[in-house]
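K.L.:
Please find one structure pasted underneath; my questions will follow.
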Amino acid sequence: MSNLRIFAVNQKKISSLHYFNNMCSSKIRASLKRLKLHVLLGRNYSSLPGLIGNDIKSLHSIINPPIAKIRNIGIMAHIDAGKTTTTERILYYSGYTRSLGDVDDGDTVTDFMAQERERGITIQSAAVTFDWKGYRINLIDTPGHVDFTLEVERCLRVLDGAVAVFDASAGVEAQTLTVWRQADKHKVPRICFLNKMDKIGASFNYAVESIREKLKAKPLLLQLPIGEGKAFKGVVDVVRTEKLLWNPNSDDGKDFERKPLLEMSDPKLLKETTEARNALIEQVADLDDEFADLVLGEFSENFDLLPAEKLQTAIHRVTLAQTAVPVLCGSALKNKGVQPLLDAITMYLPSPEERNYEFLERVSRLLLPFADQHIEIPLLTAGNIALTVGLKHTATGDTIVSSRSSALAASRRAKREGEKKQKENNEAERLLLAGVEIPEPVFFCTIEPPSMAKQPDLDHALKCLQREDPSLKVKLDPDSGQTVLCGMGELHIEIIHDRIKREYGLETYLGPLQVAYREAILNSIRATDTLDRTLGDKRHLVTVELEAKPVETSSLLPVIEYAASVAGDLSQASREAFENGVHSACLQGPLLGSPVQDVAVTLHSLVIHPGTSTTMISACVSRCLQKALKKADKQILEPLMNLEVTVSREYLSPVLADLAQRRGNIQEIQSRQDNKVVIGYVPLAEIMGYSTVLRTLTSGSATFALELSNYQAMNPQDQSTLLSQRHGLS
């Protein structure tokens with residue numbers, strides 16, 4: 001059996017295409033007869049991995065490099081920190097492409113979707129395979145926009161390491177915190193790259209301090225910048241006490257020189273670097289006992305004599321233990337510092353065998369990823385990332401096994417070894433690998449086809465997109481019969497709408513964007529209901545008495561309880577029917593038809609006439625609970641967003657005034673170089689269309705980031721206004 005960790009990608013490009021991380025202990029073979037190249041026209045690619053000029057390596061060395069030489073990494077960051085530009089430079093210097101792509105020009109390798117090229121942002125993760133100095137690197141470029149957080153989540157869970165890219169002028173930003181927490185959750189070792197060192201306002205020290213303070217991480221300074229802002233021209237290698245200077249006349253950044261730091265030529269820089277190296281050695285020694293013994297034993301008198309290789313090995317161990325993070329710097333746009341970053345990826349991030357995955361499996365067809373291109377391969381060994389074709393019923397988070405017996409055997413083995421606590425059900429044991437936590441959508445709108453004849457085509461398109469993107473929810477409005485899209489934000493919905501048009505050829509119509517409110521009750525209430533219905537010659541009779549009450553702990557699903565008088569008398573079928581009825585009633589509250597949360601439902605009595613179907617029991621329970629919810633005192637809960645606005649001092653006052661009108665709650669105003677960072681909360685309903693307003697207020701100079709914080713109760717006045725609007729009274 002194998003751990004094939006799945007996340008779907010664009011089905012229109014490759015039918016039912018899925019990424020997976022194959023972490024197997026023996027060779028996987030597929031029944032393919034020959035190697036095939038699928039190349040699209042109009043792209044300027046260099047050689048594929050293993051193909052250098054006319055020198056073609058053996059097929060085995062191309063497809064299956066030694067596992068110790070494989071690095072599976074992701075690029076993650078806040079939006080506009082330079083992830084895709086960094087990826088583009090990595091591909092160029094590795095020889096994968098012959099020309100430098102640019103996000104603004106819309107010709108990068110990994111941003112190949114039309115929507116990505118038009119907007120200059122990454123929407124969908126893209127995988128690329130290339131070689132660097134004898135290492136095979138499988139790289140995934142991930143989105144930075146909050147609407148596509150799930151894309152990052154499903155990538156990190158299958159990767160062995162990550163590169164966190166930072167804007168050196170901004171340091172840690174809102175989405176940086178989110179992706180960092182995701183990496184912590186999946187225990188992914190990472191290194192930091194302080195990008196945009198050439199930008200006005202760039203500050204190496206500020207960015208490092210923000211990593212220390214906001215991420216609670218221990219930065220290991222492996223490099224120091226030579227100059228900042230427009231004066232940035234290279235970096236110092238602290239480990240080797242060398243300077244790397246890029247030729248200012250070089251157009252592509254390939255031309256740079258590495259020189260040792262000498263007392264005669266660079267006394268000040270040498271002193272600064274020596275101090276930084278000594279501090280680095282002491283820091284690593286505090287984190288790694290093996291290295292501490294070496295330093296205290298042989299090199300305690302003079303750290304200068306400590307070989308760079310010994311220090312690098314210790315940094316590798318510390319990085320894998322996730323007790324500290326190596327920090328490098330550069331400017332991807334100006335082609336400086338990317339080659340040392342590649343060296344650091346191979347030197348400090350783990351190989352698949354260092355991540356301890358122990359699952360096997362066989363699949364039918366395999367492909368190596370090259371963004372929107374792919375190459376068929378006959379076999380794959382442990383640690384590689386690849387694609388598989390033809391899995392029509394899998395979705396993000398699925399675990400694929402070769403057979404049921406393999407799954408059961410692995411489950412028993414894991415249970416014996418104490419590695420996982422397995423749950424048992426009535427049928428069989430299950431082995432479930434870590435899935436993906438899918439956030440609840442906060443926006444929804446109706447979507448309609450151009451004609452009813454096109455409804456099946458729209459249903460098919462939405463079904464495919466949901467498999468690919470589990471954060472997209474689709475439901476049917478029971479009152480109007482309309483299809484409703486539920487998504488993570490305005491951009492998310494907009495992208496889905498555009499993809500339906502471009503990829504499926506459907507001109508659909510979207511209704512107005514609405515906020516996903518929730519409802520709650522404020523007091524306990526009892527209700528009784530009887531359903532008496534005759535269908536054919538069969539009478540269905542059921543009487544139910546229940547109580548609904550608020551709970552203090554936040555819970556989207558209802559808490560179901562049974563009174564002592566009925567707990568021992570209910571059959572399993574009756575319990576399931578009762579619970580189904582409760583869940584059905586809580587889907588639509590009495591105020592707005594929004595889901596009801598933070599409620600506990602207790603069954604006090606359930607009298608069932610012989611022969612009554614479970615469907616009728618559920619219907620009676622649902623009707624009874626809806627009656628109770630209508631009688632109770634109720635309130636609307638609205639999504640509250642964490643908001644971070646970065647604005648220059650001159651525009652701070654109008655931004656604050658505007659947020660006050662939007663029911664914003666300012667928590668803090670920080671200084672970030674020459675800018676101010678406004679941190680606070682604002683209701684989602686008040687922030688729709690905010691990007692246009694903010695551009696107008698600040699002449700396009702400000703940026704902002706949003707993230708769902710929680711749901712909070714509306715005050716009575718705002719709730720009354722909302723209900724009047726919904727009922728057409730205002």
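Cβ atoms here come from the backbone N, Cα and C positions, even for glycine.
Predicted automatically and left uncurated, TrEMBL annotations should be read as such.
Sharing the record's features from TrEMBL:
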DOMAIN    68-353  domain 'Tr-type G'
BINDING   77-84, 141-145, 195-198  GTP binding site
K.L.:
Just how many other Cβ atoms lie inside 10 Å of the Cβ on T142 (GTP binding site)?
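P.N.:
There are 28 such Cβ atoms around T142 (GTP binding site).
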K.L.:
Neighbour count, 10 Å Cβ-Cβ cut-off, for A77 (GTP binding site): what number do you get?
P.N.:
29
K.L.:
Across all the protein chains here, work out how many other Cβ atoms are within 10 Å of the Cβ of D80 (GTP binding site).
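P.N.:
Here the count is 19.
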K.L.:
For M197 (GTP binding site), which residues in the same chain are close in space, meaning a Cβ under 8 Å from its Cβ, but six or more apart along the sequence?
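P.N.:
Result: A168, F204, P225, E228, G229, F232, C329, G330, S331, K336, G337.
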K.L.:
K83 (GTP binding site) has how many other Cβ neighbours within 10 Å of its own Cβ?
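P.N.:
Looking across every protein chain shown, the total is 29.
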